[in-house]
Amino acid sequence: MSEIVPEGPSHRPIRPSSTPPLWQPSRDPDCVPEPFDSEKLPPTLLLDIRPFLRVANQIERESPRVAYLCRFHAFEKAHLMDPHSNGRGVRQLKTSLLQRLEKDEKATMQKGKHDARELKSFLHRMKKMNQHEIASVLSEVLKAVLSGARPEAGEETEEKSSLYSPYNILPLDSRGGQQAIMLLPEIKAAVSAVRNIRGLPLASNHQETGAYADILEWLQCWFGFQKGNVANQREHLILLLANIHARLNPKPASMMKLDDRVVNKLMLQIFKNYLNWCKFLGRESNIRLPSVKQEVQQYKILYIALYLLIWGEASNLRLMPECLCYIFHHMAYEVYGVLSGAVSVNTGEKVVPAYGGECESFLKNVVTPIYRVIYEEAQKNQNGIADHSAWRNYDDLNEYFWSVDCFKLGWPMRPDNDFFCTLFSTKSEKPKAATNTCCQQKWLGKTNFVEIRSFWHIFRSFDRMWTFFVLALQVMIIMAWHDLETPLQLLDPMIFEDILSIFVTNAVLRLIQVTLDIAFAWKARNTMNFNQKLRFLVKFFIAAAWAVTLPVSYATSRGDSLCHTKHSENNLDIFCLSSYMIVVAVYLMTNVIGMALFFVPMVSSYIETSNWWVCNVLSWWAQPRLYIGQGMLERQVSLLKYTIFWVILLSSKFSFSYNFEIKPLVEPTKQIMKVSVNEYDWHELFPEVRSNAGAILAIWSPIILVYFMDTQIWYSIFCTIFGGIYGIVHHLGEIRTMGMVRSRFDCLPSAFNVFLVPHSSQNANKRTFRSFLQNNIFKDSKTERNDFAKFALVWNQIIFSFRLEDLISNREMDLMIMPLSSGLTSGLVRWPLFLLAIKECYDSVKSIFKFLVVGELEKRIVDTIFNEIERSIRNSSLLVDFKMHELQTLHDKFVQLIKLLFENDKDHRDKVVILLQDIVEILISDMMVDGCRISDMINCSQIMKWNDDGPELKQLPDANNYLVHLRDHESELFASNAPNSSLCFPLPDDGPLKEQVKRLFLLLSVKETAADIPTNLEARRRISFFATSLFMDMPIAPKVRNMLSFSVMTPYFIEEVNFSEEELHSSEDRASILSYMQKIYPDEWKNFLERLGPKVTNEEIRYWASFRGQTLSRTVRGMMYYRKAIKLQAFLDRTRDNDIDRGLIAMEREYNKKNSQQSLSAQLDALADMKFTYVISCQMFGEQRSSGDPHAQDIIDLMIRYPSLRVAYIEEREEIADNKPHKVYYSVLVKADNNLDQEIFRIKLPGPPIIGEGKPENQNHAIIFTRGEALQTIDMNQDNYLEEAYKMRNVLQEFLKNHGEHHPTILGLREHVFTGSVSSLAGFMSYQEASFVTIGQRFLANPLRVRFHYGHPDVFDRVFHITRGGISKASKTINLSEGVFAGYNSTLRCGCITHNEYMQVGKGRDVGLNQISKFEAKVANGNSEQTLSRDIYRLGRRFNFFRMLSCYFTTVGFYFNILISILGVYIFLYGQLYLVLSGVEKALLAEAQMHNIKSLETALASQSFLQLGLLTGLPMVMELALEKGFRLALSDFILMQLQLASVFFTFSLGTKAHYFGRTILHGGSKYRPTGRRFVVFHASFAENYQLYSRSHFVKGFELLFLLIVYNMFRKSYESTMVYFMVTYSTWFMAGTWLCAPFLFNPSGFVWRKIVEDWTEWNKWMKNQGGIGVQPDKSWESWWNAEHAHLRHSGLSSRILEVLLSLRFFIYQYGLVYHLDISQDNKNFTVYVLSWLVIVAVFVSVKAVNEGRRHLSTNYHLVFRFLKLVLFLGVIACMITLSRICELSIMDLIVCCLAFLPTGWGLLLIVQVLRPKIEDYGIWEPIRVIAQAYDYGMGSLLFAPIAALAWMPVVSAIQTRVLFHQAFYRQLQIQPILAAKRKHR
């Protein structure tokens, strides 16, 4: 096929040098054509030609000819790179570009040939304008034009590199030296140290180019690191060194030279994990330093740089920290060998890097082989379907490097090592270089741990807890059985020996635990060393020996009557030492050491971490020796705190269990065992069983389950109590309302000064007991005046941010700001107007009058009045000396006067005079008691002058003439127009006086009370919390220069960035987003219109709406407040207090005059850049940009809006190799430049990086572009606030505090859920989340010490985590809840996690029931996977006992206890069903007349407490009481109950239990996208049925069947009320599970919606499934997908599923014997014959199905006749049975109750067996029966909904319940809910 441009000589126009040196536009500027699309380009050409096309578009208007040349050059490069157009889209690009060139050639053709001159001239112009990026592109085009020859593909000219080099933060090229950040002394010092290459040997491939630029370039040349990686880590290293250097204390002699302490500290942080790894493996560290002191720092920086370069290019290997240690270990050896000139022992030559320094050598030879193993193992996961034991995840591969066997890999690595064997084969395309042939290799399998789906993991991980509870239960049963009255009775030999039987139980449990360890670790045997295998073997034999010895010894001792025949009244005299006791004493000796070490954690920690052989033996026996999990013990104080907590809790739990659960059942149990039941109501299968074991089991089983799960209830209670006390002590909720803010506002500046203003003294940060008392107990309310200046500036910035967010109006802003004036530092404090500052009002009036009144007489009169007022104030006689009834009149006159002064119109002078006269007259005549004295003084020759002692007379020189003048002109007071005017009016138009008049006018005219300002609830909440936080205990803020640097990272996939115009106004599916926002936020919409006025644009409206949704733009705006806060804090750090009143702009101007080199703003930007970085990991940005997705442009707009924002993305592009395109992946960092995205760094990856869980992999690829010592992970549905950003310095200081044994590695922050006002469901989630992130997490952190990583506002110690595997784990499926594993990993690696409540971050949550359920399902799935994980296992094994309890009940134990509580309901009901159907209950009552009713009632009463949904409200109520007050908390709680909160929480229990249990058994966990739309909409009935059918509806119907059958046949309860009181909780649960989805469904009872739902439901049920048909389109497809997890489930899980399904057969077995037709026949034949009904139904369905398939088309009448025959046959059978066998109507009802559950149980069983039977003819009728069941259940659910929909009041009540808060705020909900039919 011929190409567009044939190969041959270049067609580039060659212009001779004689071209006239003119530059002029060659086309009319008004006729510029449309720009050529430079963004949608083929992946193979994107990087190389996009810069030229972009520049052409930018300069098109100025120089069309130069733009043409740029496009021509791009065309040639594209053709040379892919001459045959093999790449996707290349041919289309060439065609369109060639067409454009032809048009431009004609339009830009000029008479003279002067392309080169024009290009040179334009290039020179761009250089002068500092357009370096354009200049670099034009220089390459110019070179090509001058050469006249085609450019080589991928050519980079010297001019390009020298002209422009894009940078991120530090401009390290020659031109950037004068930028503000490069002039910082710490940056200069770091740059100088990194560029110290003195004495470094040259690499062989670098001999010609001369010296290196710096240390990192030297490493690049030797080891072949990528250029982009080197540039990225160069900046990273410099910033790390600079920030540590700036914080040094004491400061070094010269800040321009990097201090050795800086390098030492960074070395310790980065290499601590590597040094521990070397110590663990018994290897010597390869970090070797020279003996010459001057070279030590250089060598240290070399090693640091080497590690960072390895980490920066490691891609997915970053999740394997010890793998990186292995790589660094060998490369560090090579570095030292190169530096020292060492000779290799093997080769006899100088040591050189094994993989050389070729381009990308490190990536190709080191990273890619290991990556290939990760990739191929991940493919074996089959997207979560395969069993965990079938493939190696990240942890398995990393833990291979915890053994000395890892050194068998060698260096260079041997590809034939077993580590590289994956046994992976697939027909799909794999990465280049095929999988290793494993003919001589074996697959290593799992390492150290195997994740097996089994509930036994819960026992295995927390075996000490389960053993403790089992033994305690055994002791209590023994005590209750013997009816002990005093503790001394325990010494009775018989009782004491019975109690000692717990050790037999313990031995058996120990054997079970050891057996489980061996069974679960069997598939990891290939990677175990001999010592591990020996340990398992020895432990098993010892456990088996004790499991035999103890029971035998106990039985022997019981047979010995010596001790049992002694009798004495004194139990102490009869104590007897039996042989069994001696054996027990020996058995206990093995645990004595462990018990002793529990109280000495320092010794335990030493034994765990020591390499002494004695310690190794002890550790080897106690725990398998692993690299992590050592030294996690806390200090004695922390241990004591949580030990006391659990001792109190367990004491309460056991006391309650003994007295209310165990003891009441013992006596009835004894009586039941004595009764002999000879007659049953059914065929008893086990009549020989003695002691009525079935009845005892039915009674005790639910109590046992309650016993095992009620610790969770006790934990909730104690967490509520202690967490509440902890919150009160730490001032939480101290300021809850704006009234409290007003009353304590004068204390805020002092509190602000203590914590948020850096102290100048070095001792300021020292926390002493005296300072603790002063700051927390005896708070000093006195505030120095210079404290107000900085507080006022910060306060005003907060208020301005409120205004920009449209939370307040212009008027409210004016009322809330604190004016900056000299008064702040001179003594006069001007408070915000909303405080109604009366003193300031009086002072302002006095000050204004002093300026306004200039006449001599008038001034004296005014002064006299003010003196009289002040005298009365001093004497406390103001109400005596003044009459207040005219105060309102005076106020009105003053308001009119100040308004005229504010308008300042000279035409109003007469009005001003009249008002002044009125004011004086009112004061003298109407208000002052002695006003006549002033009038007399005016008429006398003396004027009164007041001083502190009283009136003093002053003689005027010309008093008589003055008085005569006064009488003659009395009406002209203040009205003199003589040359000496009595008034200075109008006032000056600018200056402080104008501002003071405006402020006074607002003071006098404000009519709102302080409680009403601001009116916006969110603004009030934020102000209250900010004020409260100032009184909490937080570290003192350092100066910005001394603060820790940090980054924020947000992972983003394809969620909303901004709402588009179409989305804002579209209402096809539901109410438009804009109208919804306007209804929900009416005040903010009004403020928005007021703020912009006529400047409102569609773009601003988009942002306004987006800032109120869960969008990326909202998150970015919030996070960028950090930068704004840092800049303001840096400004305050360098500003004196008395300079602040002049304002920011004036100060900057003055500073810029003194420092002409750099502006103040530039220096503040430099500090902000050095301390803060924000990176968004937009995984799909490259693909979105290439496809023209509007999300990409929205992201670019965000970068333009926030220039310091950075975006990292994964680029998948095609590169041509061997004339074939192949995919290559890059991590790219971009910023905004010239309104386009500009690439900064590009790092090639070994393959696709997303091979595990998407979110952590997305974070991992972008983490290399973050900076600083801390990293905050923020999800894209979060928000931040300016006032909270000011406290970030304080939060970061927590890393420097010592919290117990370890420094913090994760700082937890609280969250505020901002979606709580949308609906009642959103409010429930908001309250639930608020209680967890506050009272829950604060208690987890202290005292329990088991807080992990929950949510995303947490701040990580970045250096700690990047050297230990990152901020999350990414293995597919097992790390579904990726965040919490970061907390597990941090704790196992001896980190410390704290929780801080003085700072909060906003967070959005799901607002609809379906969204909430999907979220809870995802969390439950994640917790089930955690149960199987090695992290939970190791935490459970390596924590001490009480910390292990804390870990269990706050992680997987919570979900397991929910499952137990639900399971307890079923076990109780099935137990009662057994009692009533078998006739055992009747026999017990009739024959023995036992009082087992009380025992049953006791069990049922305990059962009623199983409703954890109600108890989860306890922490929520406590937190509400803390932060809102008890009264509001109580009212909110009552309101929640009226809004059906109990229904919601009980429904949530079903969701959690279902998905937790099913995932552990069968897997199937996956990420469930919930959608973060803000609009609440109606969900169709079909959608609800799909989501809740198996999780709630089926279980709800099962409960209903149990309750109905139980009620029909119960004998024990005569009173229906007693029955209801006992079973109400179960009825409530059943009703909740069946009805909640419809109660919480907006418009769920609107008749129009009901009709639409019924139509859609029938359509969904009837649609055929098949390939490509989605589950939401067809019942058949949904049915197949719903049970797909059973296809991939393990054998044991399938067997358990079948056994559980057998419970449905008990209905048929029990009920058929109660039919009248059975005629009291108890023979087993009755049950067998009942199966004929099942067979008949199946045969009938099969017949109809076959008839439909063969007859319905061509023989329709025959088919209808067949159905008629079957119908008549059924009717005939029923009539015959009723006549002959006395079949009654009740029998038909009982038959339905009997056979329907049996049919359902059979359906469950055949689903498990489906792979074996679906190919046979019986599968189709099974599917039809299953469809009939679903249709029947749906119809039963739909019927009451339709009935209620007939009553309009029901829909009105529902809307009121769902949207109460909206009604409270007088919003219109109905238009929002008026949604049209959803298109399917």
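The chain as shown is numbered from 1 upward.
Keep in mind that glycine also has a Cβ here, set from the backbone N, Cα and C atoms.
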**Q.** Per TrEMBL, the range holding transmembrane segment, considering 293-313, 314-334, 713-733
**A.** 713-733
Q | For the transmembrane segment (1837-1859): best-contacting stretch of 502-524, 1447-1469, 1616-1640, 1724-1741, 1788-1809, by Cβ pairs under 8 Å | A | 1616-1640
Q | Touch test for the transmembrane segment (1724-1741) and the transmembrane segment (1788-1809), at least 3 Cβ pairs under 8 Å | A | yes
**Q.** For the transmembrane segment (502-524), distant same-chain residues with Cβ under 8 A (at least six beyond the ends)
**A.** 389, 445-450, 452, 454, 456-457, 459-460, 463, 466-467, 470-471, 474-475, 536, 539-540, 543-544, 546-547, 549-551, 554, 584, 587-588
Q: Could you give the residue numbers and ranges of same-chain residues that sit at least 6 residues beyond the transmembrane segment (1788-1809) on either side and whose C-beta is under 8 angstroms from one of its C-beta atoms?
A: 1594, 1598, 1601, 1604-1605, 1683, 1686, 1689, 1694, 1697-1698, 1701-1705, 1707-1708, 1710-1712, 1714-1715, 1730, 1733-1734, 1737, 1774, 1822, 1825-1826, 1829
Q: May I have the DSSP-based helix, strand and coil counts for the residues of the domain '1,3-beta-glucan synthase component FKS1-like' (298-414)?
A: 78 helix, 2 strand, 37 coil
Q.
Restricting to the domain '1,3-beta-glucan synthase component FKS1-like' (298-414), what is the model's mean pLDDT?
A. 91
